[in-house]
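So the structure is just underneath, and the comments pick up after that.
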Amino acid sequence: MKRMLINATQKEELRVALVDGQRLFDLDIESPGHEQKKANIYKGKITRVEPSLEAAFVDYGAERHGFLPLKEIAREYFPDDYVFQGRPNIRDILVEGQEVIVQVNKEERGNKGAALTTFVSLAGSYLVLMPNNPRAGGISRRIEGDERTELKEALSSLDVPDGVGLIVRTAGVGKSPEELQWDLKVLLHHWEAIKQASQSRPAPFLIHQESDVIVRAIRDYLRRDIGEILIDSPKIFEKAKEHIKLVRPDFINRVKLYQGEVPLFSHYQIESQIESAFQREVRLPSGGSIVIDVTEALTAIDINSARSTRGGDIEETALNTNLEAADEIARQLRLRDLGGLVVIDFIDMTPIRHQREVENRIRDAVRPDRARIQISRISRFGLLEMSRQRLSPSLGESSHHICPRCQGTGKVRDNESLSLSILRLLEEEALKENTKQVHTIVPVQIASYLLNEKRKAISNIEKRHNVDIIVAPNEAMETPHFSVFRLRDGEEVNELSYNLAKIHCAQDENTEESLLSRNVETTAVIEQPAVESAVVALSISEAAPTPVERKSNEPSLLAKIIAKIKGLFATKSEENKPKNNRTSRNPNRNQRRSQDRRSSRRPRSENNETERTEEQVRNVRERNQRRPRRNLVEESIAESAVNSTPVFEAKEERTEPVTQRRQRRDLRKRVRVEDNETVVENNFSTTEKMPEVDVITVQNNDEKPVHQNQRSERQERQRRTPRHLRAANNQRRRRDQEPKSPMPLFAAVVSPELASGKAWIDYSTVNLPKENHFLSVDELLEQEKTKKGFITPAMGIVVEEKSPDVKPALDFITQPANESVQKKVQESLDRLSSYKPQEVVESIDPAINVDEPETLEKVSKFVRTYEFNGRLGTISSVPHTKAEMTLAKANDEMPEDFPIRAWQDSRYYFYGKGAAGHHCAISHVYSEPTRTKSE
C-alpha cells in the first residue's frame, strides 16, 4: 500500500515522503530559509527594455532582476491602438517604469535571474485557472479513455467567465460538476483578491506566495492510490486535517496521527534511502554503482559494474547491471528533483536488442514521474540523452552550498605549484613602476616553503627591482587562498609582519562590496504576501460538496457472461460505433502542445486578418473569371461574323474547352494588353451590336495556327525565360539570333555606347585565302619550264577601283579618311614587289589606261646558270636566314685551391646519460650576434 509520510518534528526542516511498502519513490524537503519562489505572484516594475534579446528586465523585489521575454507578455499590456505586422516590437509595448503583475516561471539558478511571465496560473485542488489566457486550457495529459470524455462533459456544464482558461488536473478524475464548480469559485475569488491587492501599493512587492510544503504535498501528491497519510506532529496534523476537510473531504478518513516511539521514517526504514540522495555514488543491489555529477550544463551519470557478477558472460552481466541502473536512475531523479539535460553512460552492450531492452526499462521507470521527460535512444558511443522538466530547485541546490575552500571544484592545488605561482606574481608586482613594498598573506605551509626553499629567489627579486617583499603567514587561511598587496612610495606600513594579516583583513572588510553584502544580509526580511491564500481570503462557510456515492451500475458475473455471448452475435454496425479511447484522439497532440497558443503569438488582429482574407479571395475569384469571360466573348463574336444566325443556342450545346491554369507565353507577340477589364468591356459592347462586328477578331484567331506552323517547321523547343530576364523584360538569346548593333560603328572607338554594351562590333569570321608557301617538286619544275619557254613582255594592267580582298564590315559606314590608309598600304606592297626577279615588271596603278605606251618596258632575256645537283623533295619558297652558333662570354676566374687540413678532436666530451646540456658543460663560449654586410 502506498503511504504519504510527513515528518515535522524539527522546525528547521519539514520532510514529505511517499513510500510503496518500504521503498521510497518520492521526496520533498523544505527549509524555512529556502522557500521556493516558483509560482509566486509579484507586482514588478520594468527597469530595462532590451530589443536585441526581445525581453525586459523586471524588478520584483529580489536581489537579481527577473527576465521577461516578449512571448510571455499578455495581450492586455499591449497599447489599445497598437497594430503590428510580423513580430511586435517590445519597445512599443513596454516602457521603463511600467508596473506589471508577474509570476515566477523558473527559479533563480547560479548567475541567472528568475524567468517571469505575465500569464498567471493559479492551481487548485481539481483545476488550474489561467485568468488572462483564454486560449490555454484542456485536460491533463495523464487522463485517458472514458475518464477524459466524462471530464469534457463536466467542463462543458461549468459556468466559466469569458477570457479565462481552465485545465483539469488528475485529481479531478471522477469528480462531479458541483465539486469542479466549487473549486473554480475558490480560484476566481482568489484572483479577484490578487487584483485588489496589486492596486493597494506601488511595486515591487509580493502579492501571493505559493503554499507551504504541507498544502503543496496534499495538492500535488494526494491521489486515489494513496491509502494512508501519517503525520508525526499534532500541530501539523490539525492543520492538514482542516485543509483536507475543506478541499478533499473524501480523504478525511485517511489522515492519521503517528504516535509510535520509533521515529516515523525509521519505522518504515527509509532514512538510509533518503541519505543516498545526498551522496555522489549510489550502490546497486548486484554490486555495481552509479555516479551522479551535476554540472552547469547537464547532469552526467556513469554506471560501473564494480563487483557485479550477475550473468553467465560479459554481455549478460552488462545487461543486468544496466537494467538495475535504469530503475535506480529514474528513482534518483525523482528524489533529487534533478532537471534539465541528463546524459547516462551505460555499460557497452553489443546486441541491439539489449540496448532496446534498457531503453524500454527506463521509459517504464520514469512513467510515474510528475515532470515531463523526453528520452532519446542509445547512441553509438553508448550514451543516452534525456531531459526532465525542472519543477523546483533540486535537493542539492536547496540543501547544499558551495565549498568555500575549493569553490565547488572538489580539488585543491598542490602546495609547491601554488608557491611557485605566488613567487611569479610577486615578481610581476615588483616590476611595476613606483613600487616600494609587496606584501603577501599566505597559509602557513606556503609561507614555510617560500621562506626556506625559495629564500634565494625572493632575495634576487628584491635586489633586481629594489623592492621589499614581506611574506606573512595566516593560520585561518587555507591552501588555495592567498593575497598579494602592492604598496607605492609613501604607503609603507611600519607594522610587525605577524600583524599584517589582521590589518589587510580589516581593510578588505571595509571595502564597498563587503559593506554592500552586509547591508543586504541585514535588510533581508522575509516578505509577507498581500494575499495569504485562497482559503484565507475566502470566508466560505460551506466546504466542498461531499462526493455522492454512486450506485455501482456494474452487472453481476452472470450478466457479464450473457452480455459477452450476445456480443459475439452482434451486428457489425454495433462494432463500428466509435469508442472513447486514446486511439481516437488527435495524433498531433505533441505538436499542438509545443506551439504556444497564447494571444501574443497572433501577429495581427482578427479584424485586419478577416478583411485581408476577404480581399484576397475576391481578387482571386475576379482573376479566375476574367480569362474565361474574354475567351467566350471572342468566340461568340467570331461565330457571329461567319454565321448570321444567333449563336446562343449553339453556345449552350457546345462544351467549353478547359483553359489551362498556366498557358505558355508567346514570345513573338510585340504588343501585350495589360488592362484586361477594358478588353472585356469592349467585347461585351460588341456582342450587343451584332451587325457592327469587324473581322479583326478572326485575324486574331488565325494568328495562332500560323505560329504553330512556324514552330513545327523550326522544330525548336521553347524554354521558359529565366526569372532575372523576365524581371528586366528581356528574352533568352538564341544561337541563330546574332546580336546586331543598333548603332553601327566604323571602328572600335571609345564611346559610351560601346562601353555600356548598347553597341557592339560584328566579329564574324572572315575566310582569307590560304597562301601555299610550300611547293612540290613537280610544281616547281613546271614553273621553271614556263619561264624557260617564253618571256612575257611588260604590260600595263588595268585595275578596277576596288579594294582587292578587303571588304568593309557589315553595317559599317566607309569614310574618306580610310583612303589614305589604303594608299600607304599599297605603296608598301609595291616596294616589296620590287625585290622580285626582273623578269616581269608589273605596275599596278589604277589611274593608268591600257592605250598609253609609257607603261611598257623592254627586259633583257634571262639566261639560267644554276644547276641542281641535290636531292629532289619539297622545297620551301619562303626565304630563311641563318647564323652561325656563338658562345656566351664567361668571366675569367681562377679556381682557388681547396685547403686540406688534418682532423682535430673536440675539446668537449660526453660523460654519459644525464650529463649533457647547458647546465653540465665545463666551459661556455658566448658570441655577440653579428649582422651581414652587404657589398
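Here the Cβ of each residue, glycine as well, is placed from N, Cα and C on the backbone.
A quick note: this is a predicted structure, and the numbers were derived from the prediction, not measured.
What Swiss-Prot lists as domain 'S1 motif' is 39-119, and the listing cites sequence analysis.
Per Swiss-Prot, the feature Mg(2+) binding site maps to ASP302, ASP345; the stated evidence is sequence analysis. Counting only same-chain residues six or more apart in sequence, the Cβ atoms lying under 8 angstroms from the Cβ of ASP345 (Mg(2+) binding site) belong to ALA300, ILE301, ASP302, ILE303, GLY382, LEU383.
Looking just at the region 'Required for zinc-mediated homotetramerization and catalytic activity' (403-406), the mean pLDDT is 90. Here Swiss-Prot flags 403-406 as region 'Required for zinc-mediated homotetramerization and catalytic activity'.
Neighbour density for CYS403 (Zn(2+) binding site): within 10 A of its CB lie 11 other CB atoms from the protein chains shown. Under the heading Zn(2+) binding site, Swiss-Prot lists CYS403, CYS406, citing sequence analysis as support.
Feature annotation from Swiss-Prot assigns region 'Disordered' to 571-669 (among others).
Swiss-Prot lists 593-625 (among others) with the feature compositional bias 'Basic and acidic residues'.
What Swiss-Prot records for 698-743 (among others) is region 'Disordered'.
The compositional bias 'Basic and acidic residues' annotation in Swiss-Prot covers 701-719 (among others).
Look at Swiss-Prot and you will find 720-734 tagged as compositional bias 'Basic residues'.
The number of other CB atoms found within 10 A of the CB of CYS406 (Zn(2+) binding site), across every protein chain shown, is 14. Panel annotation: around the region 'Required for zinc-mediated homotetramerization and catalytic activity' (403-406), residues 412, 478-481 of the same chain, lying at least six beyond its termini, place a Cβ under 8 Å from a Cβ of the stretch. Under the DSSP three-state reduction, ASP345 (Mg(2+) binding site) is assigned to strand.
When the domain 'S1 motif' (39-119) is classified with DSSP, helix, strand and coil residues number 10 helix, 32 strand, 39 coil. In this view, ASP302 (Mg(2+) binding site) is surrounded by 16 other Cβ atoms within 10 Å of its Cβ, with every protein chain counted.
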